[in-house]
Each structure stands twice: as structure tokens, then as C-alpha cells.
Amino acid sequence: MIYTLTLNPSVDYKIVLKEFQEESLNYALNNNFFAGGKGINVSTVLKNLGKPSTALGFLGGFTGDYIRFSLDSRGIKNDFIKIKYDTRLNIKMIANGRETEINANSPDISENEFELLKNKLKNLANNSTLVMSGSVPAALGEDAYNEIANSISNDVKLIIDTSGKPLRKILRLNPFLIKPNIYELEDLFNAKFDSTKELIKIGKNLVESGVQNIIISMGSDGAIFIGGKNVAFRAFVPKINFVSTIGAGDSVIAGFVYAFDNGSTLEDSFKFGVAAGTATALKGNLCEFQDVKKMLCQIRVEDIYTS
């Protein structure tokens, strides 16, 4: 069984304008509300690909009710802990050919509410996959992912997509997969990586330190996969005009999990994940199965272990 965990979900208000003029009345070309949060995005893409999952985390208030209704209406199983305060509302604006995001503060989460979540996660079946994605609410502290990981079975496959201090903390957990981008790695190591060779080296160092597999996303330059047992690949993506990168990284995770859970090799799972992420960026919305299949033949993967 596949589970996704979103500690800091949101209702995302996506608004598209031809151009944005400050201190003036602006009219949207289109606007929509979405159930947001990285883990929720992973569950949504998995559903689009035909793979069931259960979305977990915290929801509260009218915004939380909207997310639950949205997931229920799409047939995405969910089992969130209900909290006292409202789930946040985030704004994603596309204007003047650029993306701007405004994220609201996370709600307060009580110690009792956190304990309820950890107790729920203790009961995950052996051989399950748990995808923990996104930021950690300030009320829980930067050790939240570690506390959760320590409360579940060692037989649960941990996939973690986060950044900053929570990313640094989870490296000691020996997760099955992490997926930082270049900027998150630069922040993690307080260094600048100017070449693919440097990224490969740092990826190998992370694997040697205990991370089982790592996907380093490089935007329009594709992605790198580093694993144990002399496994290293680079994926090249077609030169296309991306509509929006929002949700692309979550689609990479979902595509990888989908393929690997179906018995694909690490290489093929990586390729499918990159195809999913690229399809989402090209479409501007979370990809569907046919989008990924169409993109798959345009993704080229090379073995780079000796690079």
C-alpha cells in the first residue's frame, strides 16, 4: 500500500493573468482552487496514473473541509487528523511570463494532534511505501519527520521530499529515496554546484552516507539518479516551453513510485518519474497517464556511474 503524508497542506488558489500591474485593478484570464500540498499532489498524480494511495496529514477549518471534499470527489482515499485551526490558503500567480507564490503561515498543531497522527502511522502495514513531502509546520519543529520515522516499522519504505533543516535531519534515517533540487542541495551544503560532475559527486557522497537512492532535479536540464551498487543515471528532457513547474517535482515522485511499485527497475522508474514531471510542467496541471506515456519516448537516460 502507498501512503502520502502532507504535514502542511493548503488550498491553492491558482490565478493566471496576462500581466500584473502593481497598484492597479487586474483581471484574471482564469482562476481555480485546488487541494494543495506536496503529498496531496503525489496522491493526485498516482490516482491519475491508476495507482491507489491514501493521503494522510492534518486538516482543519473550511479550507480543510474543501481539501477533504476535493479528494473524496476524485476518489482519492484520505484519512487526515482533524485539527482545531484552519488549513492555510496559498496563492499561485502566473503573470508576465513568471510564476509568483505566496504561502500563508501554517496553523498551530497541538501535541495531542501530532500524537494522534503518529499513532495512526504506527499501524502502517509492513512493506508499505510512505511518501513524506513538503514543509513542516512551525508548531511541530524541524525534527517532526524524524519523530514520525522513528514511530513506524522499519519495513516501511520511506520516500522524503523536503528542504532546509528537515532535509538535513532526515539524512540519518537512511531513507529509500530523497529528491532535492540543485538549490536545495546548495542550501544543504552551503555551497555552489556549477557542474553536473559536482552534483554526481555530492549524490554519491549522500548515498555512501546512508541515503539509499537520490533523484536530483535540474529543471530543464533533466535529472540525475544515484543509487547503491554502482547505479547512476542522467535523464535528458526535450527542449520545450514549460507552462508551469508547479507540481512537477511531486509528479516525479509519483511517477517513480508508480513504476517501482509495478515492478520496474530503478532506471525505468526514474525515467517514468522524469517523464511525469516533464509532462506536468508542459501541461501546466498535474499530469494524466496519457501525458506521461506520450512524454516517455522523449526522455533519454544514460548510465553515468563512471562520469
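Cβ atoms here come from the backbone N, Cα and C positions, even for glycine.
Look at Swiss-Prot and you will find ASP250 tagged as active site, proton acceptor. Neighbour count (other Cβ atoms within 10 Å of the Cβ, all protein chains): 28 for ASP250 (active site, proton acceptor).
DSSP classifies GLY249 (ATP binding site) as helix under the three-state reduction. Sequence annotations record features per position, and here Swiss-Prot assigns ATP binding site to SER217, MET218, GLY219, SER220, ASP221, GLY222, GLY249, ASP250.
With respect to their backbone Cα atoms, GLY222 (ATP binding site) and ASP250 (active site, proton acceptor) stand 15 Å from each other. Summary for the binding-site residues SER217, SER220: the Cβ-based neighbour count within 10 Å is maximal at SER217. A straight line from the CA of SER220 (ATP binding site) to the CA of ASP250 (active site, proton acceptor) spans 16 Å. Just so you know, of the binding-site residues GLY219, GLY222, the Cβ with the fewest other Cβ atoms around it within 10 Å is the one at GLY219. Counting only residues at least six positions away in the same chain, the Cβ atoms of ASN181, ILE182, THR196, LEU199, ILE224 sit under 8 Å from the Cβ of MET218 (ATP binding site). Other Cβ atoms within 10 Å of the Cβ of GLY249 (ATP binding site), summed over all protein chains shown, number 26. A separation of roughly 11 Å, to the nearest angstrom, links the Cα atoms of SER217 (ATP binding site) and ASP250 (active site, proton acceptor).
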